[in-house]
Amino acid sequence: MDLLDAGSPREVIEKVAKHLDCSPTSREVAEYFDKNDKLRHLRQEFLFPKVAQLPTSDLSLVGGSEDCIYFVGNSLGLQPKNVKKYIDEELKKWATIGAHGHVMGSRPWAWAENDLEDLMAKVVGAKPEEVALMNGLTVNLHLLLLAFYQPIATRHKILLEDKAFPSDHYAVESQIRLRGFDPSTSMLFVKPRPGEDTLRTEDIVSTIEREGHSIAVVMLSGVQYYTGQLFNMEVITKAGQNQGCYVGFDCAHAVGNADLRLHDWGVDFACWCTYKYVNSGAGGLAGAFIHEKHVDRVKPALLGWWGHNLKTRFQMTNEMDLQPGVNGYRLSNQPVLLVCPLQASLEIFNQTTMKDLRKKSILLTGYLEYLLKHYYSKKASDPHKPCVHIITPSNPAERGCQLSLSFSLPIRAVFKELEKRGVACDMREPNVLRVAPVPLYNSFSDVHRFITVLGSALAASNKD
Amino acid sequence: MDLLDAGSPREVIEKVAKHLDCSPTSREVAEYFDKNDKLRHLRQEFLFPKVAQLPTSDLSLVGGSEDCIYFVGNSLGLQPKNVKKYIDEELKKWATIGAHGHVMGSRPWAWAENDLEDLMAKVVGAKPEEVALMNGLTVNLHLLLLAFYQPIATRHKILLEDKAFPSDHYAVESQIRLRGFDPSTSMLFVKPRPGEDTLRTEDIVSTIEREGHSIAVVMLSGVQYYTGQLFNMEVITKAGQNQGCYVGFDCAHAVGNADLRLHDWGVDFACWCTYKYVNSGAGGLAGAFIHEKHVDRVKPALMCGTSVSTEMDLQPGVNGYRLSNQPVLLVCPLQASLEIFNQTTMKDLRKKSILLTGYLEHLLKHYYSKKASDPHKPCVHIITPSNPAERGCQLSLSFSLPIRAVFKELEKRGVAVKSALTNLLFSVFEDAALVL
């Protein structure tokens, strides 16, 4: 029997420990997981900073020659090895054949991003024709909302989560004002219950059922950036559509993380960036999805020549021959320099599946959670011991890779001490540390190392 | 006396020929010009395809080891030499310090494009705070129009040139529909006179004066992509504003080509791409300009997290129009190019350009003017205005022979030019102008 299929992460850890006759917190358990990790070879596809290379490392506290503990792929994914090679190919093309590069080579610049859309579609669970790679996330969000958010007096609200990512919040606000409505009456927030950090699906659904007649668009994140909560997109989509709302998701933290099925869930629209879990580099090319059911129904509000049928686009007739679905939303030629890193990354995703990545991720993050709880649960018997509060839901189905943590010590100090010891993670004021072991390139040994380092970091923070 | 300052291109050519005691069409004249070109060293800053490297070259007709004749910088500029070096620096940063790269190094990713905006502003004649590098041209055009085009029943039209670049045409059409108006009544075109190819400034102005009360926005190109005409942006801006219109320009073909003075001319807004004359590579980072006079007056319609510096605190002017972090991989080529521009000035580039294009025109006319005495000789018709002040680098030509054949034979011989409707294999127009 494959021990890794033995049940919940906790059950798996304890069974393996028993099998190895060691403590569940022993390094041997991590080594066993890594040895049996079918995806461990994918780590070699990425460029890992060494501890000594990170500017915040204190080499009196940690060895410099090891890979750093890179748990911030939820903010900026690591560089795939082939990025430089692909970019060099395009620079060489530019230098040797100039403008001919638009139609020649392995990445003709006039349609290079289109050639990646089937790989991208696999990652989000869509058909290729439902996906466009273009622009930045917020630009895409605006283009989608301009088409999907067409409020009338009786149906004018946009529902989003409380403490949505600021960019989404401002984007929605400005869309509402553009349409002549008032954000104070047209922005509807679904909040956690008092004393809780995350949203209950039943509360989202009941809000939608109660207010849905006046909601034009339900627009949540797929994974909440702050709490790490993974929303039940399928249930929310149905609930919203049952009330006659369009339902869309900002999948910035969900793409390459959760096992998305945008098409099967009937999601109306979605957008995402690719520099997080999809490793395309800072400011990388963004994505947009529009369900094929809307191919003739929801037309783009803003047009540009890239939405015109490719066959006749360059005849310059100024008579729009609009491409169907999301393809009509394209505005201009996308830069090949951004296609290259994205291609390198999607090729790695294509060596596996989101299903397998998710399976590893559930165990990887579950392992992190297990160790955190083992060492740092609040203990009545030892009130002065540093302890951790995990904000992210404990149900693996309600989270991605990321755990959002707060400590009984000031977060800034903990963060600083972790960074000194070669950990790359993310701090969000006022009180949260986000750590995201990603299945593509993190290991169980990374997690075990992190816990050891965390111990030193907490001890060092506690001294002050 | 500097012969190059001797007058119009024609006068200069003839004076130099006289000085050299050779024909004005002699190669010696070209060599003299090159020898005295203060900017000739800038050629070394770029990577030139060799004739043999172009896929269309026929090496039985032309030597392969020379630089190609690259005359299609109006479509895709050549690669500055430093592009690879700068990109490699950022890739190395990404590989070695990961997320710290947002705030460290010579190009912190969180604000890398901001650090180029003063160099960009010099090229367009603006103040740095009036310029934002972001997105693509059409996205920027939409963001600007969403703010500047706020039609009412009595003032709802957008004036553009007939045969505007398709993206501009579609963009304007969709903006009008978005606002609930009808393109057939809200799109106003200024057309050339019958028998003419280009627009007369007086006709643009008179159209504005006649219709201006109902025009919300005048939105022309700076240089017309098809004809190569450079519009008198200063005069048009004044005329439009006198009628209470906002005036903006799509400067895609004007930036890095014409000597723009967006700020001094009082232009309200402008946008441009940078992969043409500003050599940033296919799909390079685009630009947007909003005059400082609008810093508190014309707010962005669409916002996001980078529009604001703190909660509910909109950044002033064009900075409030930014929507997201721009990719450092696009900043690198643009930086390499703008550093070259910064070794000279638009004024000096323009001076050389006027002579360079004037020289091309002189030779074309010398050899290929229509001659009544020889009606079967191939001849050229230059569509672009002959007045240097009314054009940039580009000449748009049609020939008395089918353009497709001419284009093909030129390409075989190592010339990179653009056939305006056939640069991507899909079109079948016989009479398309050859853009040189």
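Cβ atoms are placed via backbone N, Cα and C, with glycine included.
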### Task
Taking TrEMBL at its word that A:Leu137, A:Thr138, A:Phe165, A:Pro166, A:Ser167, A:Asp168, A:Ser221, A:Asp250, A:His253, A:Tyr275, A:Asn333 bind pyridoxal 5'-phosphate, choose the one of A:Trp94, A:Trp305 listed for that site.
A:Trp305
#### Entry: DSSP-derived class (H/G/I helix, E/B strand, else coil) of A:Lys276 (N6-(pyridoxal phosphate)lysine)
coil
### Summary
Students should find that the Cβ of A:Trp305 (pyridoxal 5'-phosphate binding site) has, within 10 Å, a number of other Cβ atoms equal to 22
### Query
In the structure shown, which of the recorded positions A:His253, A:Lys276 has the fewest other Cβ atoms within 10 Å?
A:Lys276
#### Entry: Three-state secondary structure, A:Ser221 (pyridoxal 5'-phosphate binding site) (per DSSP)
strand
### Task
Just name the recorded positions among A:Ser221, A:Lys276, A:Trp305 whose Cβ comes within less than 8 Å of a chain B Cβ; none is a fine answer.
A:Trp305
### Task
Could you tell me the maximum Cα-Cα distance in Å between the residues recorded as binding pyridoxal 5'-phosphate, namely A:Leu137, A:Thr138, A:Phe165, A:Pro166, A:Ser167, A:Asp168, A:Ser221, A:Asp250, A:His253, A:Tyr275, A:Trp305, A:Asn333, rounded to a whole number?
31
### Query
At the level of the C-alpha atoms, what whole-angstrom distance separates A:Lys276 (N6-(pyridoxal phosphate)lysine) and A:Trp305 (pyridoxal 5'-phosphate binding site)?
29
